[in-house]
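What Swiss-Prot says about this one:
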BINDING   SER56, THR57, ARG58, THR59, GLN83, ARG107, HIS134, PRO135, CYS136, GLN137, CYS266, LEU267, ARG294  carbamoyl phosphate binding site
BINDING   ASN165, ASP225, SER229, MET230  L-ornithine binding site
Amino acid sequence: MNHFLDIHKTDTAELRQMMDSAHAMKAARKGRPKGQLDEDQPLAGRMVALIFEKPSTRTRVSFDVGVRQMGGQTMVLSGKEMQLGHGETIADTARVLSRYVDLIMIRTFEEATLLEMAEHATVPVINGLTNRTHPCQIMADVMTYEEHRGPIAGRKVVWAGDGNNVCASFLHAAGQFGFDFTFTGPSTLDPEAEFVGYAREKGRRVSIERDPAKAVAGADLVVTDTWVSMHDPQSARERRHNQLRPYQVNEALMAQAKPDALFMHCLPAHRDDEATSAVMDGPHSVIFDEAENRLHAQKAIMRWCLGL
């Protein structure tokens, strides 16, 4: 039984195995209707719980479709239905769910909730997102880069904006997949030292550059994310916009990167805030391939968790 909790907690060779599996499964589905089952149906007879303490579109749809394509069934539970940690303990919830399902995916706020779920579950647990990390997204991003440009090892990845949970998982991936990483954004939104330190300990070049044009110079991949959350009050939104406006990914900034550089955004996006529509719909952008690859990467993760 394998939990998928964070990229840095997973063996490098096993990450490579998952990545190769994701590429192969995507290729095998070419030309198939989206509702048609995979030929081998590896999840036939299996039940997967999808827990959403934090709502999502891409995570819910991609996991649900992925399980169904592999022949399994899903049980989708919202935070309101679960009341995680209120009344029944997370530990007891994990033990009970383990009697009903073969695999648990949880998208939650606190990392502690994920870790407690994994500690007490007797079935594999997948991190669908926490406030600290988002490993499933980065597996899809690495897959997308490989699909378009080949190996990501030795490449320069630049993150522009807020050093958030997706940025943190990119730093984990830098250490595991062997690429260099530059963060450009205001000092108040730097990624946590723990994540930067991990990538550096693994021998990767990690730099922080306040000038976005200097940061993006020679980049192979430029990535950004939303500046605000749906839960942020208006005052916080205005403050964030003022802080981050210099780090918008626009055509002038992308022109500083390599001519064949890619642009990614995990979506949903606030168009013309963190990135302009000209970039999002332009020749560097692979955002919709990136979104599709959540499906294939997560299918590979589920197979690995179950030893299939």
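Glycine too: its Cβ is placed from the backbone N, Cα and C atoms.
If you take the CA of ASN165 (L-ornithine binding site) and look 10 A around it, the binding-site residues you hit from ARG58, HIS134, CYS136, CYS266, ARG294 are HIS134.
Classification of ARG294 (carbamoyl phosphate binding site) by DSSP places it within a helix. Within the same chain, the residues at least 6 positions away from ARG58 (carbamoyl phosphate binding site) whose Cβ sits under 8 Å from its Cβ are CYS266, LEU267, ALA291, ARG294, listed in sequence order.
The binding-site residues listed here are SER56, ASN165, SER229; among them, ASN165 has the most other Cβ atoms within 10 Å of its own Cβ. In sequence order, PHE4, THR59, ILE126, ASN127, GLY128, LEU129, ARG294, ALA297, GLN298, ILE301 are the residues of the chain that are 6 or more apart from CYS136 (carbamoyl phosphate binding site) and have a CB within less than 8 Å of its CB. Straight-line distance linking the Cα atoms of ASP225 (L-ornithine binding site) and SER56 (carbamoyl phosphate binding site), rounded to a whole number, equals 15 Å.
Reported as a whole number, the C-alpha separation between HIS134 (carbamoyl phosphate binding site) and SER229 (L-ornithine binding site) equals 15 Å.
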